[in-house]
Ligand code: ADP
């Protein structure tokens, strides 16, 4: 059983590394951003609720996000563990996740934080903007997302660090190098 959280600012490479790590550990990677984007693309009620927030680089309200994650974490494929990419992002989400897992007699095993300098983040996201066509990858929204992360999500690192769960790794370099660091961190956290 492994439950890991991947944290880091927009552009740090959480999504890419979550896929690699999930594959290696044989557990699902659960990305709240991906789930929201799929819902928006499918035009579901949840997607319609979320779209404005995504486009503006704002967090979707906790009530909406928490309801979605509650449902997702009850699915059978999470029994052997899972990896969270992009959740929790607020203190309230931390509390909801704690509560949800306690109800399942489970807990977070570790938090891997990907660290990348701000100017590198902006450069990466602008590069992706040119390729990937994400509605929130334009410079003003990118800058806003970084600010929202610093204000609302960065403080969560201290909360998890106080529980002895955090390993911070350097998110720069090529993808394979970063994957090596993430895998090493995950192994240590699992063993601990
Ligand atoms: P990034 O980390 O680059 O911002 P994500 O795909 O993780 O990309 O998130 C994209 C958007 O999805 C966020 O800006 C936000 O609108 C929404 N979102 C994702 N996860 C959450 C969450 N845990 N709480 C609220 N909103 C979220």
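Glycine is no exception: its Cβ is also placed from the backbone N, Cα and C atoms.
TrEMBL does not curate its annotations; it predicts them automatically.
What TrEMBL records for this protein:
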BINDING   11, 12, 13, 14, 15, 16, 128, 173  ATP binding site
BINDING   32, 37, 58, 59, 60, 86, 87, 88, 89, 93, 134, 145  AMP binding site
REGION    31-60  region 'NMP'
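Overlay of TrEMBL annotations on the structure.
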| residue | record | DSSP class |
| --- | --- | --- |
| 11 | ATP binding site | coil |
| 58 | AMP binding site | coil |
| 87 | AMP binding site | coil |
| 128 | ATP binding site | helix |
| 134 | AMP binding site | coil |
| 173 | ATP binding site | coil |
Candidates 32, 87, 89, 134 (binding-site residues) passing the 10 Å Cα cutoff around residue 128 (ATP binding site) are 134
Around the Cβ of residue 173 (ATP binding site), other Cβ atoms within 10 Å, all chains included, total 12
As a whole number of Å, the Cα atom of residue 16 (ATP binding site) is distant from the Cα atom of residue 32 (AMP binding site) by 14
Checking the binding-site residues 32, 58, 60, 87, 89 against residue 12 (ATP binding site) with a 10 Å Cα-Cα cut-off, in sequence order, leaves none
Residue 11 (ATP binding site) to residue 32 (AMP binding site), Cα to Cα, whole Å, comes out at 15
Cβ-Cβ distance under 8 Å, sequence separation of 6 or more, same chain as residue 32 (AMP binding site); the residues meeting this, in order, are 65, 68, 69, 84, 85, 86, 87, 89
